[in-house]
Every structure is written in C-alpha cells, then in structure tokens.
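Engineer: After the structure tokens below, expect a handful of questions from me.
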Amino acid sequence: MARTRTLQQTLLLRVVPLTLVALIAIVWVTRYSIRRTVAQEVSNRMQQNATITAIALADRLNLLRGTAKTLAANDLLINSIVDKSQREGQLVVFLRSLQLPSPAFRHVTMLDYRGRAVMTNGNANPLPVERFIETVMSGQDYFEIDEDSILIVAPVQYGGSPEAALAIEYDTTVFLDDFLTTDFDHEAQLFDEGQRLYRSSEFNLGDDRWIWASRSLPGYPGLQIRQSERQSVAFGSIKNLDLFFLGVLAACAASLILAVSLVTRGSTRQLSLLAEQIQEIQEGNDLSRLVDVNETSEFQSLSDSFNRLIDSLSQTTVSRDLLQSSENRLRAVVDHAPGGIIGTDHSGTITLVNDATENIFGYDRSELIGRPITMLIPDALSNPDDTNDTVDLHPQFSFRSWDGVRPAAGRRRGGEAVFLEFGLSPVEWSDGSGLLATVVDVTKRRQQQQENERLRRETQLILDSIPATVLFKDRHNRILRVNRAGAEMVGLPPEQIEGHSTGDFFADYHAYYKDDLEVMRSGKPRLGIIERVSIENKGTRWASTDKIPIFDAEGELAGIIAVINDITELKNAQAELEEATRVAKESEERLRLTVRSASIGMWDWDVGTSNVRINRELSMQLGEELAYENFEGWQRRVHPADLPEVEKAIGDCLEGRATDYESTFRMRHRDGSYRWILSRGKLAERNDDRPLRMIGVHIDITDRKINEVALQRANLELKRSNDELAQFAYVASHDLQEPLRKITSFCELLDEECEGQLNEDAQRFMKYIVDGAHRMRTLIQDLLSFSRIESQGKPLVDVDANDAAQRAIENLSHSIHESNARVEIDDLPVVRADPTQLAQLFQNLIGNAIKYRSEAEPRVQVCGETRHDKWVLSVSDNGIGIDPKYHKQIFGVFKRLHSMDTYKGTGIGLAICRRIVDRLDGEIRIESEPSKGSTFYVEIPRPVETQDKADAMIQMRLNEIETTADA
C-alpha cells in the first residue's frame, strides 16, 4: 500500500515548485534586461571612446602637418633656396637646434626640387623621394605612415611656386605610445587599409575574450583606430549581479518554504486534533466532547455533526489558533521582505525591525529594539521640504504621509555611511500611533551613478580640449552634448545649449539639418563641408564641418557628431591669395604678350651639356623650326668677324668678371643672309662657383640697323633742309622785315607831318596802312617761330612740367591779372621734352583759355598723369567752347574762327602747339562744345626701351626656371 502524504508535504510539492518557476522567470527576465542595458552602455562607451580617440589622433596628426607647413614658410628656409651660403651656416644651426612638439621627432631634411637632400639635422635614412616629390612640387603636402615612421613633407614656396621641400620624420611607436595610454585590460591598435601599423601591448591574451570598437580618423580615410577591452572587465558588474540574483532566488525559496510551513502548521494541527477527537469519541463514545475544527468548509461540514454540545469551546479554541497563525504569517512576511522595515512608536523609538534591516545596518535585532530611529537614519524625522522642521508625531500626524521615497544617508555599525532610499508613513499600532519606515540600500547604485558622472566629466574634458566646435545631436536636431569651443561660438554656457534645438542658436539651421538628414539616411560621414554659419547676435563665419553618424549597439542610428572648424581667416586669406594670383597671372600674360609682340627670342643654355633650349620667336629669327640647339651650332651661326667679341662677353659672365651678358652681332639665317641680333643674358644657377645654367634673350635688330642707315641719310637730308630753312629765316628776318619797318616808319612820319591837313578818309586810309604793316610784321615773326621749332629746338631732356607751367603763368601774369583769371596747376609729371618749347606750349594753351573767355571769371585747370606708355597733360577752361566740327581745323596755320575785331591774333598759336607736340612724337586733341568750355589733351609717349622688356622676360624666366626645366 502506497505511503500517504501529509497536507504539508502536499502543499510543498504543489505550491513551491510553481512559485519557484515564476520567481525564476521573473529573475531571468530582470537579469536579461539588466545585462542588455549594461551591454548597451558598454557599447556606447566603447564607440564614444573610439570616436573621441580618432578625432584627437587626427587633430594631433594635423598639428604635425601644420608644424611642417609653418616651418616650410620660415624665411630662413625660403632664403636658403636662392642664397646657398645660408645652407652651410644659419640653416645648419637652425635645423640642428630645431625642437618640434613631439617626443617622437627623429629627423628633418630639406630637399631641392629634384628630391636631393640639401641639409638635414642628423643621419637620416634615405627618403622615398620618388613617392612624394611630384606631389610636393605641385604645391601639396605629403603624408605617409607605416609601422616604423611617420613622414610629412611640405613644399617650400618661393615667389609663389614650390622650389624645395621640407621632410620631417617621426617614430610611429613613440608617437602613438605617447598618445595612446593603455594597461593590461585595455589595448589600442592602428590600421591602414586593414594592415596593422601599431599595437599598444603584446600581452599573452590567452583564452580571455575581448570586445572592441573602431573608428576612421577624420581626414585620413585609410587610417582606423581600434580600442579593445577585456570582456571580463567590461562586464564585471554582471557577475556580481548574477550572485545577487542567486541570493535573492535562494532567499525567496526559503521564505516560500517557511511561509508554506507556517500556513500549513495550523491546518495540520487542526486535522490531527480532529482525528484525535474523533478517535476519542469513537473509543470513549463520549458525545459530550466538542470538535473544534471549522477552518475550512470541509472541516466545518465534518464538525457540524459533533459540535452541538461543544460549540462554545470549539469556537474559542479556533479563534485563538487563527490569531496566532495570522501573527506568525505577518512576522514571516516582514522578516523575509527584501527591503528594510522599521516600526517605531510615537516618539520614534524602534519597536520592529526585519532581517533586511539587520543586514543593511549591521546591527542585531536586539541591539535596535528600544533605540531611536535617528541612530540609523539621522534625518529620518526631518521634513523633506524643510530640513529645519522635524516631524511632529502628535495624533493628527497619523493623517499625514510622504509621497514616494526620498534619498537619505544612513549610518552603519562603526560609523560607515550608507546611501538609502527612505519612505515613511504613519500607522496605528495596537498600543498607539507610530511610524512605519521602509529602507532600501542604494549604495552600489549611487556608486555606479558617481562612476557614470566621472566618465561623463572625463569625456567632457576630452571634448573641451578639442579646439574645434563639437556637437552631438540626436535624430530630432536636438543638441545633446557640446564642448567648450561650441559654447564659446554660440556665446552661452553648455547647460543652456544642451537639450535645445539648433534652430534656437543658428539662423540657417534648416540648411544644416538638411545635411544632417543626408548623413543619417546614408549612414556615411560627410567630411569637409564648407558652409557659412550664421549665429544669432554673433554674425556669419566660414566653417569646415565634418558630420559623422553615431549608431547604438543594435546598429540603430542614435544621432550625429558635428565637428566645426572656423576657417574664416583661411577663407579671407584664400580670397586674397586668389586675387593676388589672378593679378599675377594677368601681369604675366601681359608680359608674355608684350614679349611675343616684340618678337623677343628666348634661350636657356645648360652649360654642362651645352644644350640650348629656344622658344618659337628665336626659331623664327633663325628661319628654323627648332626647339633645341647646341652651343657649337649656335657659334657656327655667328658671323666670324663678330664671334671673338661674343665669346669674350660670354666668358666674362661665366667667370664672374661681369654680372650680365650683352652683345650685338650678326647671325646667319637659314636663307644664308645675316640678321643683326642684340643678345642679353644672366646666370641662373651655380654649383660651388661653377656656372650650370644661363638664360637670356635674342632681339632681332636688323630693321633697326637698316633704319639707322636710313636715318643717317635722312639726317643728312634734314641738315641740308635745315640749312636752307635757316637761310630763308635769315632772309625773312632781314630782307622782308626791313621794307616793313621803312613803310611803318614813313607812314608814322607822314601822319605826324600831315596832322590836321588830311581829311577823314585820308586819315582812315593812313591808319589801315600802318595797321597792315604791323600785322604783316607779326605774321612774319610768328611764321619764323613756327619754322624754328625743329631747326632751333634744344635736345630733349627730362623736364619737370610744373616748372614749365609756372614759367608760362609768369609770362602771362599781365593777362591773368587784367582778366582776374584763376589758374590752378595740379602735380604734373616729369616728361621728356624741350624745356623752352614745353613752356611755350603751356603759354599758348593757357593764353587761349584767357583770351576766349566767357562772361564768367576765367578758370583754368592744368593737370597731368603718368600712364604705362605715355604722359598725359591737359588744360581745361570754362570759356566759350568750340564747335566739334572745327576741332581739327583749329590746329592749321593761320586758321581763325573769329574776326580780328572780336579776338586779336594771327591764328598760328595752336599750329605751334601741334608742331611742338609732333616733335615729341606725341598727339594733341581737344574736347569741347559751345558754351561748355574746352579741354586740350597733350599725350607724350614714354620711352619703353627694349632693355626693359628683355630684363623683364629674363626675370620671369628666372622665377619659372624650375618649371621650365621640368617641362
């Protein structure tokens, strides 16, 4: 026969397993949720640390590259390109004393345009010149990193073009060891296109598992930083959590078993009693005894047949047993509650504690009963809204309670502080009013919060050390984190920025958010976004922005990090540089056009190889289609009679006896004829006082030589003509003027002798004869002046036009005073002219301005300016003006627009002005309209010598010599 189970065993076998299964499920779900949260936090921390490290490392590399560019712009290095004496002196001292901002610095080497080492500060290893020299000579810097070294090469600019290179080498391991500090549980690695360049530690990892996060360096697409951490360290808190849950599960199981045992104890006793009573009744047949079993309906049904006689005693016994059972159950619940429970009387004296309270504070229950609650929680009876107000425990306080819980500081045995969550409620005990307090130990949670806060502060410190603005924004354009540079850019403290939308601070936030959405949609970073940033009350700045998407542990987009660099100064400098480059290119193009239009040939002679590179114009001078010529072939083309003098001039320049080379000689053309050539040159390169290269120009002066012969003939003819003109002037001044003087004299004598004897008509006729003779004499004198401009002119010299204008004003002082005219002279240039004739030119123009004045007071303005190829002088007035149809006619001899009665004069003044300007190879013209005054412009050409063109072209070739050689 099978063994029958007791009621207690039945309840334990049925209730406990189901309850334990439910508890295990709850614990497992809670444990899984916490593990997932911890894993998420670890992943976010690893990703954030990797991102910050990548940004910081990129900034450190940018600092090294910026240092190289700054050094390359040093005046000492630039000057040493053209002044080789500095390379052995100041440059050596400078390079050897150079201290760069990194302990990993190895060597610095200066290279010429071909990659040859010019100077170094130590025994540097050979550099891979072929990999970077072409890039650097195009004006870009070069960066390379491998397992051994970091190489940075920056171009050295001279005259706006790269002429040399500065190479700086760093030790990769030392540089990264100094930057990436790790320990046994953490590791950092650097990869380039998947190949590992650096590892911070070489520990024997064994079977331990690691977790890692990697990020690409902004601005260095191939470089990737990877940071690792031991999984046992990262998830160490989860092990403690597992132990805690096991303890909780064990405590719950024990509590459940104890509770079931206590609950079934009363029922088991009642069943035993019922069985005994029934047995006694059966054995003794004593119906007077009562059955006191009525706990359940089943017992009640059984006892109804036996309790008529013993009803009163049975009910009393049952009530006492039920009360004791209820008290025991309450005690079990209180003792096994996971949180601390403290009961006090109306004065705050402890009357009840449970097991959790003993564990939290380290006291035994007997040590706490009868002691004040403030011994455990000093602020237990303080009002949470006012620390100076203590709780009043008078009777009406029983209607007050605090909502929820509040933080409080507890004191363990020995004085050790413990952080609590504390709740307090009034209760009514059987012996009066009191308090019921619930206590939860949150020390570990508080420590974890403090650790999280410490990590946040450290992260913020790293962000604040970044000079660029760093913003972490969520998917809804809210700013979650900002560094110090960003707060300074906005002009507000970080706490007033974080949590707000970018639209609260940036005027053009719609455009920025559009870029954010594109980055979030693509999941790829956007680097180097050049944009204008408009900040409220701060104006507009130029910025270079990098936007990087951030993902959580599940791969979901969490937001973006924006790194904003203020490049306003750079943009301004770039605009100025572009403008300067444009002006330089325009000037260079004008010079090229000038040289080409002047048919100036150019040659570039490599003294060592004897090769001569020539341009198209020089080939045309030779009648050949050549790009290169050798020096011997060039010598064979020179006329034998001129060759010794040419070779001597070249030798003097090569051996340093002359700074420049210049020679005039005849050179044979392809058709066999000889062309006259003016050749000039300069040394472009030397090596240890040995000439290496010489460049220069060929100017075909054959036409000039022919014109010189023609000019000599013309000069002979002109001399003969001038002699004849001088003879005519002599005849005119003596033979023609003598009869006029006699006519004038005798007419005046006849007028005096016949005074009063002649009638009115005769006197008028006599006056006509005298006036005609005077006018004839004036015409002859003006004609003589006109003819002597060429024959008796002085040599052309540099004349200050201000002095010539002042002499003209002095000669016209009477007319100026009489007409109350005002003559103003601006700052006039120095021109090449005949001083006397220039004064006569000003005198005629200013005199005409005063003569042909309007009713207003005369105002005459004399101005001048210097242009590229000419001087321009102008005389403006406010006179009566001239109709445009007469503008050309007025410069003719004896051309008048008015009668003698209106304005006196012979009409030859402007003709003399035109003749004076013609002698200067210039031009005179007028701008005028009736009643609007007149302005006469005199344009005098400036002599632009061929020497100037040649020297300018040679200098341009010297500036471009390296580019020319490479071409």
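Placed from the backbone N, Cα and C atoms, the Cβ positions cover glycine too.
Keep in mind that TrEMBL annotations are predicted by a computer and have not been checked by a curator.
Look at TrEMBL and you will find 560-590 tagged as coiled coil. For 265-318, the entry in TrEMBL reads domain 'HAMP'. Feature annotation from TrEMBL assigns domain 'PAS' to 326-379, 455-501. What TrEMBL records for 523-579, 661-713 is domain 'PAC'. According to TrEMBL, the feature domain 'Histidine kinase' maps to 731-944. What TrEMBL lists as transmembrane segment is 12-30, 243-263.
Relative to the rest of the structure, where do these features sit?
Structural biologist: Proximity of distant same-chain residues to the coiled coil (560-590), defined by a Cβ-Cβ separation under 8 Å and at least 6 residues beyond the stretch ends, is recorded for 51, 55, 160, 218, 466, 468-473, 486, 489, 516, 519-520, 530, 533, 541-550, 956.
When pLDDT is averaged over the domain 'HAMP' (265-318), the result is 59.
Residue counts for the domain 'PAS' (326-379) under DSSP, helix first, then strand, then coil, are 24 helix, 12 strand, 18 coil.
In the domain 'PAC' (523-579), helix, strand and coil residues by DSSP number 12 helix, 33 strand, 12 coil.
The list of residues near the transmembrane segment (243-263) in space but at least 6 beyond its ends in sequence, with Cβ under 8 angstroms from a Cβ of it, reads 8, 11-12, 15-16, 19-20, 23-24, 27, 30-31, 325, 328-329, 332-333, 336, 338.
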Engineer: Which residues of the chain, 6 or more past the ends of the transmembrane segment (12-30), have a CB below 8 A from one of its CBs?
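Structural biologist: Residues 5, 245, 248-249, 252-253, 256-257, 260-261 contact the transmembrane segment (12-30) from elsewhere in the chain.
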Engineer: Go ahead and report the DSSP secondary structure tallies for the domain 'PAC' (661-713): helix first, then strand, then coil.
Structural biologist: 12 helix, 33 strand, 8 coil
Engineer: What is the three-state DSSP composition of the domain 'PAS' (455-501), stated as helix, strand and coil residue counts?
Structural biologist: 21 helix, 11 strand, 15 coil
